[in-house]
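> Structure in structure tokens, see below.
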């Protein structure tokens with residue numbers, strides 16, 4: 001119930017031809033089967049609508065936008081056509097992948113998420129926060145999109161047709177919803193990795209990593225002083241706070257290494273979830289990122305030319321610059337959200353390995369516990385928690401910086417041509 005707002009949001013644009021109850025429990029009645037077919041037909045209608053409306057958008061651009069820059073803006077025209085084509089294929093691939101081709105994988109992902117939350121003993125209070133966060137996302141995206149589409153309509157209302165309006169709104173809405181759903185999947189993995197790290201520390205009696213660092217420092221200082229002063233006959237050793245934690249308070253019937261084994265299973269399931277996400281979203285993400293970069297370059301070029309050189313449209317200069325700036329902001333936000341959340345997932349995964357290495361230095365450890373920690377550490381070394389669309393690049397901070405470098409270089413080249421003209 002926590003993710004119902006996002007589920008209905010994606011259902012509107014045809015990306016979710018299923019109900020959450022069917023995904024978790026399967027269709028058991030004729031009534032649910034009927035709704036399943038209705039939802040599938042609706043996704044097909046949206047799919048065909050995207051294909052049908054795309055030529056109207058292209059015709060409008062040829063008659064209005066490209067007519068303004070036909071003489072000296074051939075570079076802009078080529079790049080804008082590329083952006084429109086990639087956005088069209090991104091929409092087609094998104095609906096095809098999420099609504100039809102990968103339904104079984106999406107159902108598997110939902111079931112694995114349910115198992116992970118059971119193993120981590122997620123409380124209902126946590127879900128209430130997720131539900132509020134999902135409602136805020138839907139409201140913010142709906143209000144921002146309505147304002148943006150409204151301003152865009154005011155800008156062109158007397159010279160463009162209704163079909164091109166619908167095509168533009170539908171294309172951008174589908175990709176916005178796809179990115180939101182993907183980012184929430186990644187946020188799920190990030191949050192569960194964070195909870196896993198906290199549970200791992202609690203197994204040994206620590207509430208924060210800082211406590212582990214302080215304990216290791218004191219233990220190292222004691223060992224150094226002990227080696228300098230010689231063996232202390234009859235003197236008790238340094239108190240080992242975790243040595244007596246044979247049972248975990250949250251799992252009183254499980255010994256400590258069984259709790260570690262549960263956390264290792266959770267980590268494996270999260271890694272498999274990332275693999276499934278990468279498989280489902282690879283092509284849509286690749287096309288969407290390419291579309292974002294092209295659209296940012298085109299619209300930023302138009303804004304700069306309008307402000308510093310000449311007004312490229314008959315519309316008011318301020319309104320034209322504001323609308324395009326809003327579009328640029330929307331595209332930048334989508335790109336930043338995808339890369340930042342994927343980077344956070346990799347950071348939490350590497351942090352889990354670091355925690356295990358620190359816990360392995362705690363002595364004395366029971367041989368079964370030490371073996372379980374070593375197996376967990378080896379499992380993490382072989383895992384590769386990262387999103388790589390079709391294997392071309394990894395969504396992380398370095399990729400974001402490279403995108404910014406490419407955009408700056410392209411804008412500088414376009415402005416040189418503009419100034420020369």
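The backbone N, Cα and C atoms fix where each Cβ goes, and this holds for glycine too.
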> From the ranges 11-36, 37-62, grab the one TrEMBL calls transmembrane segment.
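So the range that TrEMBL calls transmembrane segment is 37-62.
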> Suppose I define contact as three or more CB-CB distances under 8 A, residues 6 or more apart in sequence; do the transmembrane segment (74-100) and the transmembrane segment (285-309) meet it?
yes
> Is the number of Cβ-Cβ pairs under 8 Å between the transmembrane segment (321-342) and the transmembrane segment (37-62) three or more, considering only pairs separated by 6 or more positions?
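The transmembrane segment (37-62) and the transmembrane segment (321-342): touching, no.
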> In the same chain, which residue numbers or ranges, 6 or more beyond the ends of the transmembrane segment (130-149), come under 8 angstroms Cβ to Cβ?
1-6, 9, 169, 172-173, 176-177, 180, 184, 323, 326-327, 330
